[in-house]
Amino acid sequence: MSDTPTLALAKDLLSRQSITPEDAGCQELMIKQLEALGFTIEIMVFEDTTNFWARRGNKAPLFTFAGHTDVVPTGDLTHWNTNPFEPTIIDGMLYARGAADMKGSLACMVVAVERFVAEHPNHKGSISFLITSDEEGPFINGTTRVVDTLQERNEIIDMCIVGEPSSTAHVGDVVKNGRRGSLTGNLTVKGIQGHVAYPHIARNPIHQAMPALSELATTVWDNGNDYFPPTSFQIPNMNGGTGASNVIPGTVDIMFNFRFSTESTVDELQQRVVEILDKHDLEYELDWIINGLPFLTDTGDLLTAVVNAVDTVNQQKPQLLTTGGTSDGRFIAQMGSQVIELGPVNATIHKVNECVNVEDLEKLTDMYQEVLNNLLA
């Protein structure tokens, strides 16, 4: 039996070694099929990253499918049961790097649009694709640059589905209608280097920092809300000392991270951190990196369309969650867009033997098409 259109495109995409930020020709495959549907294609290359913006129609509302063609490295190939770039079906599961994150979703999007346009060639509004090869990497020259370009010419996305793997047990059981923000602090606490036998003429920055770090770790930053858990504070990295047992270090470097809800702002978190550090009389330098702001789509046409589409296909409404890490949805949401993440099961993403259920890909295609029916038919 021949492959379905979704499975055929998924296999073509998965056979290309598009390890971030490489695209390896994946976008060409998508563009070819979209051009045949009357999409106008705009390729945007920023340094080592390839992106494209495709649009069909010039009316509102503007609905966008967003995703990425890059994948994470495979890891040790000896731990894979199959070649990660030779898509293989075993017991109904499609194995390949990127099967779930997120080339499977990309195939579903394209085929869903093909079917929808065939049935509704004069559909309402406009359909677009925002695709990047820089989601798994530093995310500097990908979606965020395309969004900047669109905003500069006042081309604003109204509604967007990001194809990130949102599901847990079966496709569509969970959709993400928001994400927490991420704020990283790089803190250097300064002391005076010296001999451990003479602490009175040195100043140990590790000892000095510990009470402040303890307070930061136990502070309740907010209580969250109906959609988000309370803001969390974690220290993932800490480095100080020369490696010798008889030297008091002159500095200690601490990296900390907030995953924050819509109940807190960047300014509020930064101000409270500085207040705590100053209260403990530390000599320090502190630099901040805003990795992403929180977003939430708690109402609106898109949320209704997605929930109803999943219910139509699965005969069960999805659970709405905001858990997990960040995604490119955070950049699109800053346009004021309604953003929802709907994609395959995420159990094997970034792991060896990454896989996706073949039947789930067909269901996801149906869901995406039903969303278009609900919004633009």
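Keep in mind that glycine also has a Cβ here, set from the backbone N, Cα and C atoms.
Quick look at what Swiss-Prot lists:
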ACT_SITE  ASP70  active site
ACT_SITE  GLU135  active site, proton acceptor
BINDING   HIS68, ASP101, GLU164  Zn(2+) 1 binding site
BINDING   ASP101, GLU136, HIS350  Zn(2+) 2 binding site
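Annotated features taken from Swiss-Prot, shown on the structure.
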residue: HIS68; record: Zn(2+) 1 binding site; contacts (Cβ under 8 Å, 6+ apart): MET102, ILE131, THR132, SER133, ASP134, GLU135, GLU136, GLY142, THR143, ASP328
residue: ASP70; record: active site; contacts (Cβ under 8 Å, 6+ apart): SER18, ILE19, THR20, PRO21, GLU22, ASP23, THR132, SER133, ASP134, GLU135, GLU136, GLY137
residue: ASP101; record: Zn(2+) 1 binding site; contacts (Cβ under 8 Å, 6+ apart): VAL71, VAL72, GLU164, PRO165, ASN346, ILE349, HIS350, GLU354
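Annotation for the recorded positions GLU135, GLU136, GLU164: lowest Cβ count within 10 Å of the residue's own Cβ, GLU136. In the three-state DSSP scheme, HIS68 (Zn(2+) 1 binding site) falls into the strand class.
Mapped onto three states, the DSSP output places GLU136 (Zn(2+) 2 binding site) in coil. ASP101 (Zn(2+) 1 binding site) carries a helical DSSP state (H, G or I).
Its Cβ placed at the centre, HIS350 (Zn(2+) 2 binding site) has 14 other Cβ atoms within 10 Å. Annotated Zn(2+) 2 site ASP101, GLU136, HIS350; additional same-chain residues within 8 Å of its Cβ mean position, judged by their own Cβ, are VAL71, VAL72, GLY98, MET102, ILE349. The Cβ centroid of HIS68, ASP101, GLU164 marks the Zn(2+) 1 site; residues of that chain outside this set whose Cβ lies within 8 Å of it are GLY67, MET102, SER105, GLU135, GLU136, VAL162, GLY163, PRO165, SER327, GLY343, ILE349, given in sequence order.
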